[in-house]
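Everything on this sheet refers to the single structure shown next.
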Amino acid sequence: MFMFRNCAVLLVIGSICCFIYGLFRLRVEVEPNACRMTYMFGEPMFAKVGVKDGDQYPNYGLYYYYEGLRQPLDPLRRRMTGAPVIFVPGNAGSYKQVRSLASVALRKAMSNDAGIHLDYYTIDYDEELSALYGGYLPRQRNYLKLCIRTILSIYEGRTEQPSIVLIGHSMGGKLAQSVLVDPAIGQHINTIISISTPLDQPVLNLDAQLEEFYDQTDAVLSKLRTATVPTMTTNVCDSLHQRPPNVQRMASKDSSARLDNVLLISTGGGNRDLLVRPGLTSSRFNDLHAMTSAIPKVSLSCDHLSAVWCLQFMQAINRFLFSVAYVRDDRSSIAFGTNKQRNLQSALSTFVKPRRRQQNTVRFGAAGNWHEERRLVINKFFTNGLKGTFFDLIGLQRQERYRKAAIEALNVDDEDWLFGCSAEDHNKTGQLYCEKATSLMHLVQWLPNEDRDPRSVALLDLHNLRKTYVHWTHLLVRLPPSAKRIGYNLDIYDPKERVADIKMPRWYTISKLPLINETLQGTLHHRLRISEMVDPYQSIRVIVEPLQCISPEYRVTARICVPWAAGYERYQTLKSFDQKPQLYVNVPTLVPRHYNTTLNPVTLDLYLDPTCRYRISYEYSYSSALSRLVLEFYGWLPAHLVCVLLIVLRKQVETFHDVGTFRSLRPYVGYLQYTSLYIVTACRLLKKLIISSRVFPEPEPLDYSINVSIVIHCAAIALSLLATLGTWLALTLYGNAFYRLALRITRLSQATSNVMISIMTHLPITYGILTIATAMGTCSGVGLLLAFVFYFLMLSNAYKDYLEDFLWQKAANLVRGKPSAVAGPEPSNGEDSTEEQTAERKALEQKDEQQQQQEEEDPEPCVGLQNFSFHVTLLLMLLMQLLLNAPSSLAWLRSRRHGIQLPDPSLYPSIVVLASLSLLLQLRAPQKCQGHWMLSMVFYVLAGVVLLYCQAAIYRLTYVIAGAFALLSAHQSLWILWRRVSQV
């Protein structure tokens with residue numbers, strides 16, 4: 001047992017260190033911000049648009065964006081001819097965030113020969129915290145519907161009803177998706193583009209209304225729209241455009257056909273976005289998902305705020321919108337095309353990969369500079385450019401093992417440069433040439449290369465080409481005339497030599513594992529297939545170390561593809577020796593159940609600089625794994641902290657120290673424990689039993705490794721210790737400072753506050769009445785804050801009084817024991833003492849010994865406010881309840897300005913907590929009671945409920961805390977009542 005306790009202590013300390021290390025290494029994978037700022041060429045102007053029936057939303061507004069005009073513009077009185085776009089801001093977002101999108105659209109319209117232009121509208125939601133408080137979302141959705149109807153009325157004079165594009169940032173994307181629940185609105189929506197939006201689940205589920213909003217939206221969409229979910233056989237890495245198959249059919253074909261006409265596009269910011277992690281930005285109802293690092297001509301990661309002003313990204317969005325807009329036949333106005341398949345192809349071309357149609361024949365003739373190459377490795381460049389077109393013929397007839405070819409062209413821009421053909425000899429010159437050829441540009445992919453030469457790469461299967469096109473003899477590389485450096489690289493290889501299968505290293509694997517000691521000169525492509533990578537916190541660090549390069553700079557582009565997660569293709573780039581030669585590989589979402597990662601592994605394609613030789617190795621990345629663990633699972637901390645407090649409270653209910661002992665002064669009694677770790681492991685087994693029995697509600701589907709739960713739980717244990725010590729220091733040293741602060745906030749005089757504290761100390765039931773009345777008259781957070789302040793001051797005063805009595809008692813004991821300790825020697829040799837004095841002294845000593853013996857036999861336990869460890873735990877649980885109510889309290893404060901009534905989701909649990917706390921103080925709890933073992937068992941059950949049902953749904957903790965307070969007060973009340981009845 002002793003050894004197990006030591007191991008548990010080491011486990012707790014190690015887990016705490018891991019969590020703190022991951023907290024400080026959150027930005028280990030974050031790349032520098034490469035976004036270019038978007039500038040306006042005219043003064044940004046916002047014209048307020050009157051919304052019909054918008055008076056019930058006094059703090060909201062609809063605006064039209066324009067630039068440079070001095071006179072005010074009213075869209076309701078002016079004929080609007082552009083295609084309408086509505087920008088929906090998100091959590092704490094401003095309507096002015098539309099400036100970058102709209103300004104880029106205005107500039108693009110000026111250079112558009114077809115006369116296409118867009119009308120941008122934006123909504124002012126008063127910068128409400130919609131991600132933290134779900135009571136805002138129904139109001140914002142209803143106002144968005146009114147705005148859509150208003151904008152439709154502006155364009156109602158057209159021959160056909162216009163369709164609208166919605167662009168939502170953060171929670172605005174979820175609001176845009178939620179309007180599809182209303183079919184009358186959904187039929188007028190053309191496309192919805194969500195930017196860094198948590199679509200299928202919130203980042204933090206802080207209240208029941210937020211969860212209800214998500215559930216209602218998903219429930220209706222699942223009936224009215226086709227869902228796309230990964231299966232055991234899904235592998236989007238085998239598909240060129242990452243299009244997973246639809247595996248769920250619609251219940252209603254009519255309504256499905258109507259809502260399936262809406263194009264849903266979602267985008268994620270990548271590793272720079274620490275607010276909305278990439279795994280939350282996709283939805284099963286989407287048609288297309290893309291990360292900004294993989295979008296052509298963007299190729300960078302955006303943080304949560306820069307996603308609405310990043311110039312490269314804004315240009316990509318407007319490029320798509322202009323591609324799906326057209327001028328009506330009467331040239332009276334602009335509209336968005338309603339052909340979803342055509343719009344989807346435009347979206348794929350913009351956000352995934354520019355598509356090219358395979359051309360049947362392209363005629364060249366014998367004119368030009370023609371050459372034939374038979375080598376396996378070619379590096380051919382023209383430093384000063386080319387004056388004429390250059391043709392290189394690459395023979396397809398190779399040894400059977402050379403099945404693959406990687407071809408890279410630099411600085412060819414958008415030219416067609418790769419073809420297949422049947423070569424023939426020229427009659428006069430005898431040189432080999434192709435009269436006609438077939439384009440293979442649909443097999444070419446553009447790789448991000450930052451500010452250096454654009455890279456175009458094609459991976460070809462020569463065996464399949466020979467089998468499919470029997471008459472072909474050569475591949476043709478055509479380099480167009482250029483004033484810049486231009487050329488191409490060729491690498492023909494045996495695929496067995498370039499594909500490496502590795503397993504995800506275990507977390508205890510410390511050493512670096514070699515993969516390739518040295519690549520050959522001219523190697524262009526290597527592929528790593530990583531199996532058993534299933535959790536989003538797992539991470540591999542791949543080291544691509546250049547050993548020798550011809551030039552001082554090199555380029556390595558890595559493409560990461562997760563087979564079960566469509567749209568999460570990512571790119572990373574290495575370009576200089578000053579940069580650490582490392583790449584991080586991880587997955588954004590948990591692997592689906594029963595998915596075989598050996599057959600469908602995560603793939604890492606390395607596109608190397610052929611002028612270098614490399615050493616490639618890999619290792620388990622602790623810094624990346626721990627930072628991702630913190631980023632993915634920090635939302636579990638409140639649940640684990642409440643679980644720890646419940647286990648501590650269970651111990652404190654049955655532990656009473658004696659008055660006047662040093663142990664009674666310690667506030668951390670019960671906190672140095674590891675018993676709560678048993679709850680973590682037991683809940684893993686209990687979860688399986690609950691699912692199989694189908695008697696109780698199904699627990700949260702959090703199928704992660706137990707290592708995650710242990711690290712988070714140990715961090716919660718450490719946090720509880722720090723909170724306890726901090727509370728003790730505040731009670732001891734800063735009680736007066738908090739008292740003065742409370743006086744300043746409440747604006748009460750010192751005499752009044754002393755009277756109130758005295759009344760609440762001697763008659764705590766008034767404490768409950770006051771706080772409950774405050775909670776019902778304002779909001780639950782205000783009542784909890786008032787209760788916390790007075791409870792803290794009561795504890796501070798009680799602790800100081802007890803500490804003063806304790807010190808006086810110790811001093812009195814020292815003084816009382818001084819005569820016997822420092823008494824002189826017994827009188828002798830002439831110093832006489834009377835018999836009466838001797839007898840009196842012996843009687844006093846005997847009396848003191850009897851009194852001391854009686855105190856030792858019947859010591860007085862610490863009850864009521866003297867049991868400080870118990871009340872510190874209750875204070876921390878009250879603080880947890882207060883923090884969980886903070887979002888609704890902020891919403892109440894903001895709504896007071898406009899006289900808006902918002903629901904208080906935690907009012908009833910807070911009333912239970914306040915009433916139970918006042919009753920506990922009135923009963924001078926804790927008292928030594930029988931039946932505490934039953935209360936301990938109930939607390940064990942509550943701790944299990946927290947871990948099974950409250951890790952993701954954080955708002956449920958308010959009910960658990962209320963239940964714990966109610967059980968404590970009921971237990972103490974029943975025992976005192978039974979004791980009094982038994983005495984009668």
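Keep in mind that glycine also has a Cβ here, set from the backbone N, Cα and C atoms.
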- Pick from 671-692, 957-978: which stretch is listed in TrEMBL under transmembrane segment? 957-978
- the transmembrane segment (931-950) and the transmembrane segment (907-925) contact flag, 3+ Cβ pairs under 8 angstroms: no
- Any chance you could find the range in 710-734, 765-793, 957-978 with the most Cβ pairs under 8 Å to the transmembrane segment (868-886)? 765-793
- Message: How about long-range neighbours of the transmembrane segment (765-793): same chain, 6 or more residues beyond its ends, C-beta under 8 Å?
- Response: 730-731, 735, 738-739, 742, 746, 756-757, 759, 874-875, 878-879, 881-882, 885-886, 888-889, 892, 904, 906-907, 909-911, 913-915, 917-919, 921-922
